Ligand SMILES: CCCCCCCCCC/C=C\C/C=C/C(=O)SCCNC(=O)CCNC(=O)[C@H](O)C(C)(C)COP(=O)(O)OP(=O)(O)OC[C@H]1O[C@@H](n2cnc3c(N)ncnc32)[C@H](O)[C@@H]1OP(=O)(O)O
Ligand SMILES: Cc1cc2nc3c(=O)[nH]c(=O)nc-3n(C[C@H](O)[C@H](O)[C@H](O)COP(=O)(O)OP(=O)(O)OC[C@H]3O[C@@H](n4cnc5c(N)ncnc54)[C@H](O)[C@@H]3O)c2cc1C
């Protein structure tokens, strides 16, 4: 018998690379850096990210002494917050004069701060962190909702982390239906203050990230009352805790909501107000104002107050591409090193990566990670353009941005959650271990399906836009194919990429028309429009999903056609694109073209098998960032599984003395 410890020592003595992975890597016939650069944006960005990650990982104070899963709820919060704070401090310090950090140093010398954002922070902060909302929603809310004076006053403090904030919108009773929020902000012209009030239990703010213990400020969404009239929900900048002692201010009831399915290092919180007064100029007044005498000045559109949510929906699409890259890296490398069963009678057990059924679990996710990367790029560009136009008073792009960000957020999160679960299954029993990395990724993907607009609700928002466009032709660029004669009527079978995109449009338009028919039929039967809408919801959601697939597929096809790719990388992306399009079409099509597509799909499985390991290598995710014993670069999965298991506190002693003496022994000695 080989003793575990002996095995570890032997392996540690020499550099190890699993032979199956080595063989795949030796046969790589494309430039992996090209894909890395494509995902980062360009060569310089890759260099910057690599140095930043190395800089963070080389700091021993940012390492976990034991896996966070063994910590209590309270310890988890404290340990991850400590790392987040140390990270922020580290980004402010001058980078040491070492050649390997040259890019970082030059950046600092040019007065540019080092990024704390998602990439670097996710290398060491994996369980959700208490400062996330400050960067992702609090600061964007001040920028997007605050007047110039307000930005001048609050932004420098927020950017320096002199104040730490969150975005407090959801209440116990309402998350989706924003018009139903109950928190009140009533203007008092005598003192020129707003009075914040939580009128009922259901009005308590519930969920905001970092609210429980970390934040001392929040952007609070509340119903604005002035001159006796409710003007709807508006954003208020509210101080929650004393800036020195961190004690809650009088009238503020704040705390943490308890353990969740995932993201347990984040202190999601509750918040109530007992007649808390704040100055008038803490209503964020970029779009609407309350004058000193209480006169209300309307915004150009009431939906401008929802802009922070739109920003985060776009951010989430990018986040999902990153989650997928991690999950598919783990599952692909593991499938390469894992051997099981018998493929050909009498032959050695094959790599599980060689089973078609296994490839069918891995490669759709691999392809989708690229699709969502390109979709995120496209919707970011749209976001920036629309915001620029809004700044000039032109709101024309707002509905299209809303439609597109809802569609892409809902599709990217629902597909990612589904893929992460499939990829976990693809790793068999070991995938179920926390040390596989899947539970954390699943926690993020499923949370994303719910936060920032529950997906069903977002699908129905998309459907509303589609139906409206089909009826009055008023929609923007993303729905142009639905307008009148623009709809392609080509019925011929064309399975080129453009032909498939055409098919996606026809499928989506077909669903939209079915939903319209259903709505009309309900109307004819005497149903009120809102009842007809509710009764047609299933069909409406199908239409929205088909449209979202079309949008993402279209982005993928356009990106693959761009000139900047080399021949080998273009053909890989082309194949992955074609593969995903066929995979999605299977979900939509009944019988038409099925056998032809099936043959192509199986052929592509074999082609992608040839380079899958090298493509996930090119995602360039450091082992520490991957956080998975199954997916490490060296493929040394079994030893790492064992190493992690030995960190269990239950393995400190051969006998768990207390439970044995107290419970097991008496039980085994007792007689019936
Ligand atoms: C160290 C750094 C680490 C960084 C890592 C950290 C990572 C952290 C990532 C973030 C994590 C979590 C954060 C989570 C935050 C939250 O969840 S905040 C709360 C989010 N809440 C929601 O999203 C609520 C969803 N509900 C809604 O959006 C709306 O209520 C809904 C759209 C459903 C309906 O709104 P109503 O006001 O009732 O609308 P209605 O009157 O029916 O009118 C519809 C009308 O309005 C148009 N519309 C709606 N929304 C928008 C919009 N945003 N923009 C433009 N237009 C909009 C809609 O199309 C309709 O138009 P029509 O012309 O009348 O058809
Ligand atoms: C991890 C996490 C972090 C969060 N962070 C924050 C934060 O920082 N700040 C913040 O303000 N909020 C935050 N939230 C809250 C989040 O935004 C809400 O939970 C989300 O918007 C859903 O709202 P809800 O909980 O009211 O769900 P509900 O709306 O009650 O949904 C329950 C069910 O009802 C269905 N439903 C609701 N309305 C309709 C409809 N019109 N038509 C059909 N079906 C409908 C939904 O589809 C769902 O199936 C967070 C939530 C989570 C899970």
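Cβ atoms are placed via backbone N, Cα and C, with glycine included.
Feature annotation from TrEMBL assigns active site, proton acceptor to 452. Residue 452 (active site, proton acceptor) falls outside any helix or strand according to DSSP and counts as coil. The Cβ neighbour count for residue 452 (active site, proton acceptor), using a 10 Å radius and every protein chain shown, is 24.
Secondary structure at residue 170 (FAD binding site), as computed by DSSP, is coil. For residue 170 (FAD binding site), the same-chain residues 6+ apart in sequence whose C-beta sits under 8 angstroms from its C-beta are 205, 206, 207, 208. Taken from TrEMBL, the feature FAD binding site applies to 170, 209.
Annotated domain 'Acyl-coenzyme A oxidase N-terminal' per TrEMBL: 31-164, in sequence order. In this model, the domain 'Acyl-coenzyme A oxidase N-terminal' (31-164) carries an average pLDDT of 94.
The domain 'Acyl-CoA oxidase C-alpha1' annotation in TrEMBL covers 306-467.
According to TrEMBL, the domain 'Acyl-CoA oxidase C-terminal' annotation covers 497-669.
Across the fold, the C-alpha of residue 452 (active site, proton acceptor) and the C-alpha of residue 209 (FAD binding site) stand 12 Å from each other.
Summarising the environment of residue 209 (FAD binding site), the number of other Cβ atoms within 10 Å of its Cβ, over all protein chains shown, is 27.
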